[in-house]
Every structure is written in structure tokens, then in C-alpha cells.
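What TrEMBL says about this protein:
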| type | residues | note |
| --- | --- | --- |
| DISULFID | 31-40 | disulfide bond |
| DISULFID | 94-103 | disulfide bond |
| DISULFID | 147-156 | disulfide bond |
| DISULFID | 159-173 | disulfide bond |
| DOMAIN | 1-63 | domain 'Laminin EGF-like' |
| DOMAIN | 64-123 | domain 'Laminin EGF-like' |
| DOMAIN | 124-175 | domain 'Laminin EGF-like' |
């Protein structure tokens, strides 16, 4: 049987024999080197086929390096190159509000990377009047907004004591 040098054992399966048009009924047993499949020709979940290696190479299947909190399916990566389907071996697939090759950072304007969040991160809640220009951004971990000089509050939503009129002007508030 042809197990691509990842197993020395196989068995005959009539269903496989019929499905292959009576070409082969061999099914490999005990695939090694993080391979699987009828001919040990696929990589196990959370592994991908290194396109630079021959299928028979013991190191052909490499571990995915995706952050399970920010990537889809708990850290699965593209198992093999497949340009027709837009797949790139080893590439992580990020949740909607996450970025980075490993899916380990919130996109600008989002914070709090979490496995429990189906979108990965929460939108920043910054008051545009009280935040510095490009005020949609906040601390990517805490969500705290970057306030103008005379503004305070987690969302930059209030004037400092003895100041008033939260607005879009440069200081954010006016002295009393």
C-alpha cells in the first residue's frame, strides 16, 4: 500500500475499492508525522502541508501558528495551498475585528481580544469630541480612549474639573 512513508501498515476496504473504480482498496493504518487520510496524504487538523517539502518527508506537516483567541475555528490554519479557493498553506483566518499573521491583535478601533467573542474584539467606545484626532482608536487591551488635554473619563466623555463645553475643538473643553 502507498502510505507516503508515514505508515507501514494498511488494510483492505471494499467500500474504498468500489469508490475508486476498483483501482485500490488500501487504507493506511496508524499514520505518523501528523498525517492522516487513506494514504497518509493529508495533514491532521491544526497542521498544514509545507509546500517546500515532499509529501513523503517526515516534516511535511507543520503546526499552525494561529492565536486561538483571534482566529476562526480555534486556531486552524489553511491545510494546503489551493489558489482556486484562495487558500495559502499555514495562513491563519482571523475573526472579523482581528488582524495580524497570527490573528493576535485587534484591528484599529477595537480592543479586548477574546476567544469568547465571536468577532474577536469589541469596538472602542470613545467620544469623538473628547478624543485626539483619529479618536476612534483606544488602547487595544483595556479599551481606554486617548483623551484631549482638558478631557477625562474612560471614553473621554467629560471635561476636567473647572472646565466645560465638551466639543471638537483642539483642547476639547473650555475653562470656566
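Using the three backbone atoms N, Cα and C, a Cβ is placed for every residue, glycine included.
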Reduced DSSP assignment, residue 94 (disulfide bond): strand
Among 40, 103, 159, the most crowded of the disulfide-bonded residues [Cβ within 10 Å]: 40
Cβ neighbours of residue 147 (disulfide bond) where a neighbour is any other Cβ within 10 Å: 22
Proximal residue to residue 156 (disulfide bond) among disulfide-bonded residues 31, 40, 103 (C-alpha distance): 103
Collapsed DSSP category at residue 159 (disulfide bond): strand
Using Cα positions only, nearest of the disulfide-bonded residues to residue 159 (disulfide bond) (31, 40, 94, 103, 147): 147
Counts of helix, strand and coil residues, the domain 'Laminin EGF-like' (1-63), according to DSSP: 6 helix, 18 strand, 39 coil
Residue 94 (disulfide bond) and residue 173 (disulfide bond), Cα-Cα, nearest whole angstrom: 39
Distance [Cα-Cα, Å, rounded] between residue 147 (disulfide bond) and residue 31 (disulfide bond): 57
Residues satisfying Cβ distance under 8 Å from residue 31 (disulfide bond), sequence separation of at least 6: 3, 6, 7, 37, 40
For the domain 'Laminin EGF-like' (124-175), residues assigned helix / strand / coil by DSSP: 0 helix, 12 strand, 40 coil
Confidence summary for the domain 'Laminin EGF-like' (124-175), mean pLDDT rounded: 91
Nonlocal neighbours by CB distance (under 8 Å) for residue 94 (disulfide bond), same chain, sequence gap 6 or more: 70, 71, 72, 100, 103, 120
